[in-house]
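Asker: One structure coming up, written as structure tokens, with questions to follow.
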Amino acid sequence: MNAETNGTGGDPTAVTGGFEVDERERRRDPLLRMIGLARPRGGRFALGVLLGAAATGSGVALLGVAAWMLATAADHPSITALSVAVVATRALGVSKGVTRYLERLVTHDAAFRTLAEVRVRVYERLAGTEPFGRFRSGDLVSRLVNDTETTLDLLVRGLAPPLVSVVTGGATVLFLTSVYVPGGLLLAAGLLLAGLAVPLAAAALGTGPGRREAVARGRLSTTLVDTLQGAPDLVAYGAMERQVALVNEADTELTRVAARDAATLGLSAGANALITGLTVWGALFLGVLAVSDGSIGPTALAVLVLTTLAAFEIVAPLPAVAARLGAIRASGERLFGVLDTPAAVSAPARSGLEIDPEADTTVRVRNLRVRYGPGEPWALDGVDLEIPAGATVAVVGPSGAGKSTLASVLLRFRDPDGGRVEIGGTDVTDYPADEVRRVVSGVPQDPHVFASTLRENLRLARPGAEDDELWAALRRARLAEEVEAMPRGLDTQVGSHGLGLSGGMRQRLALARAVLAGPRVLVLDEPTAHLDPDTRDGVVADLLAAARGFSTLLITHDLTGLDRVDRIYVVREGRVLQSGTHEELTTEAGWFRSVSER
Amino acid sequence: MKPLDPRLVRTADAVRTHLAVTVVSGVLITGLILIQAWLLARVITGAWAGEGMDALGWMIAAVAAVAVARALLSYLAEASALHSAARTKSQLRRRLVAHVTGSGKVWLAEGGDREDGAPRAGELVTLATRGLDALDEYFSRYLPQLVLACIVPFAVLAVVFWADWISGAVILVTLPLIPVFMALIGMHTQQRTERQWRLLSRLGGHFLDVVEGLPTLAVFRRAKAQAAIIRGVGEDHRRATMGTLRIAFLSAFALELLATLAVALVAVEVGLRLLGGHMDYQTALLVLILAPEAYLPLREVGARFHASMEGVAAADQVFTELDRRRETAGPGAAGDEAAGQAPAPTGAPSPAAAGDIRFEGVGLLYPGRDVPALSGLDLTVRAGERLLLTGPSGSGKTTLLSLLLRLGEPTEGRISVRAPGGEWTPLDRLPADDWRLGIAWVPQHPYLFDVSVADNIRLGAPDADMERVREAARLAEADGFVSALPDGYGTRLGERGARLSAGQRQRIALARAMCRDAPLVLLDEPTAHLDPENAKAVRTAVTRLLEGRTAVIVAHDTGWAESVLGENLRTAALPLLTREAHR
């Protein structure tokens, strides 16, 4: 087979492994899509909305019934005429608090259930598409997680209150219409203005100021970061005063923008007060006219005015909801941006093909080309390389040479854009990604240590492994003695990101994990990148000793300890510049010798 | 936490203005509430008694006037609150920045400012921007409601008592129950809620942990299997959260229940007495309209308490920070200029930088530490020599550079300097700014600013023209890659110089040192984390930088030193505990 004709190429429409997103779905408003995520919990949400409507309704009804009771009592009827109203008033006094409490519990419960499901869906998608190229910055990951949490916010604070307002507002308007039609219509107009028009107008008016403030705040924040983190450099070079002047300039700008926009942002508070006041006035005015011409009785007037007065509680939560819509939509866009990514690795044409680990597991890389997007420069531009079974091979080169891209192709984090990678003579893209990883495993750059125990971190590689297997792996990675010295041994909690361990121990733990997985080929990507010079040499020696018996690919920018490997490839700007044994490379004129000189 | 921090009022004059505005508008709003209630009761009663529009017309018009007045007041109060918030935030920020940067005491990597519990730079930035933004809510929502909560219930109570003492008594009894109940429930639940929140943050962290570790999981073919675990943890998370919320919502429940129930009680009691002829209709209506108003501000304050307290907490952190640094500036670390020992800076480089430097029993104990970072150091650096400092991490190499840079003052012993042909002078007698003008420093992790490459290079020589900048870059082996950037020397570097690799950043820092053109050079691990190609370029640049200058170089790896540093090389291994060590 010929490498050129058989490469999968850089076709962006490659099969995405059953994770395609419908084009129409993709174009929908992210807000609607986020609400769609909650659909399975529709019943609970409906219950929450009903309880919320009962709570808000109780408050309005309390004043309406009480007004009716007083207006009726003013004519001194017998006590029986009031008995129902008395009971109703007391009941409403209790029901408001109780239903409000239940509503909050039910909606939060539904929201947390949805959040748990959204988390799983986000995770399944990420696990299915493995877009690790986007994972370079930890910031992106934490933002993704935050955006997931934002859906909770949307559901609790964004979804229920408007629905409750619609139900309660509609019921109140209907009731008042039955008392006096113009009064009902007036309230409808007032509620629509205060609950819908003003919040939306305020949100629209607020986008401009919000954006201006965000820009000014961004500038201030960047300048502040520079000032505080670069403080030693600034002081040493006598530039601190100039820098503080820059901070104050940015601060002045932000304050000026914020102070100017305060006048705009205050408008909605004023508008709401005006609408409420004038609607009550209108109800009073219309009601008094209606009483004088006899269309309603004086009792109805009291009910009309006091119900109208109480009804604006219905729309009180809406301005806050409208103000948050923009932020929630933005986080939804980011969330779906990740969820809609096509898979980084194509599924094989034939499924179920298995690698025989006992057969030849020589890895051959042939004319491999990879780039991170059409038009981007080639990260790997025709690399040829061989890892014979059982051999130790090192790939060295300056940062940015494409070394880590090679590791991510071997670990099946991405497809070749040209050329091919073979295991025992078969193209790796013919196997499912996880099948390749049964044979090729290792320590990726920045291996993640989970906030759990040492045992759990190790067992990740082989679930159900016995303790003696774990100890054997630890011994091989030269970590056993340190772990034995820990009071809790394998049950030691390693802390978030394994920060309870030293950098060298984290690398050795990751290595023990890789050894335990029992692959045929170990890929070690920059195992010493974050270690201080004191520990670096020991770690390389231990890694290479532990890797004996595996085929090993050591990727590094550090030339120490390379005399122990079978073959060295020098990679620079995506191409193999030199290859040979350590002895050959140190004697032959070229990159390797020139940079090893001191 | 105090609802109103007195330090906030003292510090920011914008707060005082705001308080005055809020109190005045609070009093006016209270008046309008009372007037509106009276007008409504009076008009409804009048219509019931058969009065027509001619008799009631002015009162109805007055209701409209009250509505307009209230709207105007709310607008002015809100706009003024946001305005004051912006000014207060600015005042707090400026004080914070001045305080943090003003001392000139910025310890280097091995140093102690992380050890005394002080926040990291990133946290300070968040505090100064997003943290303080929470004050908006505090100013525009919480404080006005707090003021109203202090005025309205009493005013309403007074009017209701005057109109009908029995209803007044009902409100007087139930009103104080609200804060009492909330406090009782709060005390009972606080401990339990805190424990729950800790559990929650742990569960919440799990998802982040798994997502961050996804590449590692994928390598071991465990990625897909984790979904079930995430589902399980999510379910635990929900159950735990709901347990917390059931309790946390109790205080809101007590508040809501008491407030509504009290209104219902007043309504029934008033209705029955009205029925019995013990009360007139207008008074009954007035009481019914006013009763909810007595509870409303309390409910609003309760509902906004948590959101607003974020702002107060941020302000509190700022004050803590302002106090902290003052306390920890120990005797040795006290501002030298402030002590009045050193003459005012002249703006010209101190000639002593071109001379000899002598350490006599110098030691440094960082504030809040038990073990000194450096102690009993005796060492002389002679003009023109290259001193290579070696030693294990933690032996005080970087601390020594930090003392030479006067980023801190020794806590024992003293450093003296001698200009060529001059007398020994204690270093702390020289103006720190003049002394630093004679130093070019290349730290282990140089900080590049989000400005142009050229401005980064001329950080220590702001007047340098492009010719000099380019020459410095050329000597530092940086001209090549800088010219290849989209805008060459005008290219902005992005946050922390994100555009460049570690080796490139190091070379920009060397260009910065070249541009400074100072007689004394301090280098800290110049090649420690670089790939061989960059390390080679950096070594070439270092050779050029050191030509004709005195240098102190900290390095773990000394193999390269002989060829690069030349014949004037002297090596000293830290710790140097005896007076003979440097001979």
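Glycine is no exception: its Cβ is also placed from the backbone N, Cα and C atoms.
Taken from TrEMBL, the feature domain 'ABC transmembrane type-1' applies to A:46-327. Marked as domain 'ABC transporter' by TrEMBL: A:363-598. The feature region 'Disordered' is assigned by TrEMBL to A:1-21. Among the features that TrEMBL reports, transmembrane segment is placed at A:45-71, A:77-94, A:163-181, A:187-207, A:265-289, A:301-325.
Help me understand the surroundings of these features in the structure.
Answerer: If one looks beyond the transmembrane segment (A:77-94) by at least 6 residues along the same chain, the residues whose Cβ comes under 8 Å of a Cβ in the stretch are 58-59, 61-62, 65-66, 68-69.
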Asker: Do the transmembrane segment (A:187-207) and the transmembrane segment (A:45-71) come together with 3 or more C-beta pairs under 8 Å, pairs six or more apart in sequence?
Answerer: no
Asker: As a test of reading the model: what is the averaged pLDDT for the domain 'ABC transporter' (A:363-598)?
Answerer: 86
Asker: Take the transmembrane segment (A:301-325) and find every residue of the same chain, 6 or more past its ends, with a Cβ under 8 Å from one of its Cβ atoms.
Answerer: 31, 56, 59-60, 62-64, 66-68, 70-71, 153, 157-158, 161-162, 164-165, 168-169, 172, 175-176, 179-180, 183, 186-187, 190-191, 194-196, 198-200, 202-203, 206, 268, 272, 276, 279-280, 283-284, 287-288, 290-291
Asker: Within the same chain, where does the transmembrane segment (A:163-181) have neighbours whose Cβ lies under 8 angstroms from its own Cβ atoms, ignoring anything closer than 6 residues to its ends? I mean 6 or more beyond.
Answerer: 49-50, 52-53, 56-57, 60, 64, 187-188, 191, 195, 286-287, 290, 295-296, 300, 303-304, 307-308, 311, 314-315, 317-318
